[in-house]
Amino acid sequence: MAKQVVFDETARRALERGIDALANAVRVTLGPKGRNVVLEKKFGAPQIINDGVTIAKEIELENKLENTGAQLIKEVASKTNDVAGDGTTTACVLAQSLVKEGLKNVAAGSNPMNLKRGMEKTVRHLVAELEKVAKPVEGSQAIAQVAAVSAGNDDEIGEMIARAMETVGKEGVITVEESKSLTTELEVTEGMQFDRGYVSPYLVTDQERMEAVFDEPFLLITDKKISIITDLVPILEKVARAGRPLVIIAEDIEKEALATLVVNKLRGVLNVAAVKAPGFGDRRKAMLQDIAVLTDGEVISEDTGIKLENVTTDQLGKARKMTITKDNTTIVAEGNEAAVKARCAQIKQQIEETDSEYDREKLQERLAKLSGGVAVIKVGAATETELKDRKLRIEDAVNATKAAIAEGIVPGGGTALLHLAAGMGGFIDSLSGEEKIGARIIQKALEGPLRQIAENAGLEGSVIAEKVRNLEFNFGFNAMTNEYEDLVAAGIIDPVKVTRSALQNAASIAAMVLTTECIVVDKPEDDKTPAGAGGGGMPDFD
């Protein structure tokens, strides 16, 4: 296919237009008074949403050059979501501000490579400063505040997530699922999560979220390497007759067997997924046994004389729900409390008896996974549209809470970034030449999130930013009440991990845009549809 090649300022301005199109759609959702965005869906009702990364993923521009810019911002949102699970809108606003400020300086004659170096040094400096001012999250009240802010100032959700954290522990598993009722409830059940994902992306059930989600699945748990599909055929037929999904947890599944599973899954013959077993060596066997106890199944192993072709559905594990992503598998089990308690007691005994520090650590890890359970937040709402939006908000809140526990918190509402910008004078003086301009680009862009929060609340962003700049570090603008106050005391707080990821990802993409000198895209094809032929018959006469 023929390519379109665009250079210099034309290329950068095309990227900027694409960045603006996407960022302007996302930025209206920022802050407690942020608005919603309606997404048209090919099937079903439109989706009304307030989640930055979900909006970004939906946007595809007609102009190929501009679409390249939009895809770059999409990358910022997606990467921030992967790392921190929240802060995607802030990342988009920062990236847009950085690109705008940077392009002004490039157009004025600054060298893009020097600007890039200055920006990179400034981001490293700001990340170090964020770590210095971070406060650890202590107590369930602080956890509830972080969760409430991320869920759109919903105190009920904040308290529910704090209760979930108390129950399953800070490292525990919290899942969010849709409820059949109108109310949102918290339920704690047996379950575990391990760090292995699906072996093939073709096995996902939800293409948008790239997850395989199964209700009431059977689990085939084996320490064997499955290399030929004939070993599996008898049990696959039994499961298909039972009409339930099957999740295979095995040492490995080789190409031929996997290809057959994928083909049958795509044809709709089987609802199946496969996951590699967690751990290594003897520890793997022990972890498979843990999963078997949790799900009331058996480990299919040559050691116990059970062959794959002879397995019955009674020997399979049973779960209430399973969610498999590219990195993790979460099992929500049926009530099998007595067996789980007995297994936990056995592991505790091993912890007491072992002399090896390494073994003790690994046994404690297994005990935590098995005994911690899974907290399930069942989201209820009056309509499907509200349910989807509420579920996304709660997922953001869970991620933000975990991020806050990991790296601490800073004042929210864009305040921390603005105060850090105000204190950059000494650092900028330590830089040389055009690197100073790169630092000033970041300094100016750090105002972006606070300005946008104020504008979404119907106020003049620059006036609010100027007032906040002269306040103490913890003090800022509360857009919910339109008051200037101590934001940490008021519970308006952001996780450092979210703020840091947003800044790093935005600066990375902005530096790439500024140093772009050429874009190559597919040339739009001309419409080759032949013109309609003239109608036959007699000509018209006056």
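Glycine is treated like the rest: Cβ placed from N, Cα and C.
Here is what Swiss-Prot says about this protein:
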type	residues	note
BINDING	THR29, LEU30, GLY31, PRO32, ASP86, GLY87, THR88, THR89, THR90, GLY413, ASP494	ATP binding site
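The secondary structure of THR29 (ATP binding site), as reduced to three states from DSSP, is coil rather than helix or strand. The ATP-binding residues named in the record, THR29, LEU30, GLY31, PRO32, ASP86, GLY87, THR88, THR89, THR90, GLY413, ASP494, extend over a maximum Cα to Cα distance of 16 Å. Of all the Cβ atoms in the protein chains shown, 33 others lie within 10 Å of the Cβ of ASP86 (ATP binding site).
Counting other C-beta atoms within 10 Å of each candidate's C-beta, the binding-site residues THR29, THR88 are led by THR88. When secondary structure is read from DSSP and collapsed to three states, THR88 (ATP binding site) falls in the helix class.
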